[in-house]
Amino acid sequence: MLILLLHAVVFSLPYTRATEACLRACPAACTCSHVERGCSVRCDRAGLQRVPQEFPCEAASIDLDRNGLRILGERAFGTLPSLRRLSLRHNNLSFITPGAFKGLPRLAELRLAHNGELRYLHVRTFAALGRLRRLDLAACRLFSVPERLLAELPALRELTAFDNLFRRVPGALRGLANLTHAHFERSRIEAVASGSLLGMRRLRSLSLQANRVRAVHAGAFGDCGALEDLLLNDNLLATLPAAAFRGLRRLRTLNLGGNALGSVARAWFSDLAELELLYLDRNSITFVEEGAFQNLSGLLALHLNGNRLTVLSWAAFQPGFFLGRLFLFRNPWRCDCQLEWLRDWMEGSGRVADVACASPGSVAGQDLSQVVFERSSDGLCVDPDELNFTTSSPGPSPEPVATTVSRFSSLLSKLLAPRAPVEEVANTTWELVNVSLNDSFRSHAVMVFCYKATFLFTSCVLLSLAQYVVVGLQRE
């Protein structure tokens, strides 16, 4: 028992000494704690305007996020042989002196994201960081970076640089033979040139989504044979060269959604035998070339939703057909005999749904799965609109049913048509009576009789007008 106790005391001494050393050199505005591989120093949200002058020698991780740091001088962190992670995100850095990170020989992760005033980096900014594996430069509003900025980072595996102002893929990427992941989202990149990714033979994931890419040059990804995920969605691509993706035989995900593509060419995907996810959604596609998907037998999902497709030919998938999911919703489908194969495949596989018909009129609004394709006497498929025409009995076209508004308008126009006013009719009648009776009846009694006759005649006219209105309503 005594031996075990002595053993525990002996082995706990290094841990106790390391903890004491960590706490002894901890900056006043920071908190320090001992971790497995050294000391963790947290100085985030401490209101710091400059980097503390001293850190624990055993520091393995330093967090200086969300302070007010503006400038990093040379050897800004002294000599910290055990430091592996340094985070300076969300500060106000505007300048980093060349050699600022000297004295950090084991640094593997450097985070400089969200320093919007940085804008520029000297070619020697990251000198002496030979073991750096992860570099985060996101949201620094960088316009450009020197061609050899990353040349002294042979171990770099992951580069995050989204939300910048590059306009083109930085030439600093060339020759980064060990880089595996690169993120350039929302960086206003306008084109992917043929030489911008030279030497990147281990690159597995490249994200260029939400940029302004209008052109991808032929062979642009020629040196990226290990690429598995390529994201080009939400750009301005209207077309692609035939050899745009040539050589990407390991590609598993290709996202071209949210562009301006009007058609899908057969040559685009000829080398992508390992492709599993293909996104062509939210384009303006109206035509898919025959055999466009013929080599994609390993697809798990094909997204064609949100386009302008009216028909999709079986020949687009020949000679084989994939067994994955097919997304076709939000297209103006014409559900005639050209889509009978798709209806049959929907019933048999259950891997596609929500194919709403926009035409012909007899099936508009229905789902393709509900459309019944009849057969002619020769056994040929009959389009729904043709079926509707040939089976209808000939006869005169029925008159359109009048609506309440049309009936009222018609009646009103008839009532308002020019007619002799009742007063004019009465006056005319009175004049006629006067002419005919003027010579023989001139007594007061005769005049009274004429007044009564006029009243009677006027009443008859009004009664006739009322009958005309009633008959008009009945006919309408």
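Using N, Cα and C of the backbone, Cβ positions are placed for all residues, glycine too.
Marked as domain 'LRRNT' by Swiss-Prot: 19-57. Here Swiss-Prot flags ASN92, ASN178, ASN295, ASN388, ASN427, ASN434, ASN438 as N-linked glycosylation site. Residues annotated as repeat 'LRR 6' in Swiss-Prot: 178-199. Look at Swiss-Prot and you will find 1-18 tagged as signal peptide.
Shown on the structure are the features that Swiss-Prot records.
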residue	record	Cβ within 10 Å
ASN92	N-linked glycosylation site	14
ASN178	N-linked glycosylation site	14
ASN295	N-linked glycosylation site	18
**Request:** Between the Cα atoms of ASN295 (N-linked glycosylation site) and ASN92 (N-linked glycosylation site), find the distance and write it as a whole number of Å.
**Result:** 51
**Item:** Long-range Cβ neighbours of the repeat 'LRR 6' (178-199) (under 8 Å; 6 or more residues past either end)
**Value:** 138, 154-171, 205-224, 231
**Item:** Distant-in-sequence neighbours of the domain 'LRRNT' (19-57), which means Cβ under 8 A and at least six residues beyond its ends
**Value:** 63-70, 72, 76-78, 80-82, 84, 87
**Request:** Provide, as an integer number of angstrom, the distance between the C-alpha atoms of ASN92 (N-linked glycosylation site) and ASN178 (N-linked glycosylation site).
**Result:** 31
**Request:** Go ahead and report the DSSP secondary structure tallies for the domain 'LRRNT' (19-57): helix first, then strand, then coil.
**Result:** 6 helix, 10 strand, 23 coil
**Request:** May I have the DSSP-based helix, strand and coil counts for the residues of the repeat 'LRR 6' (178-199)?
**Result:** 0 helix, 5 strand, 17 coil
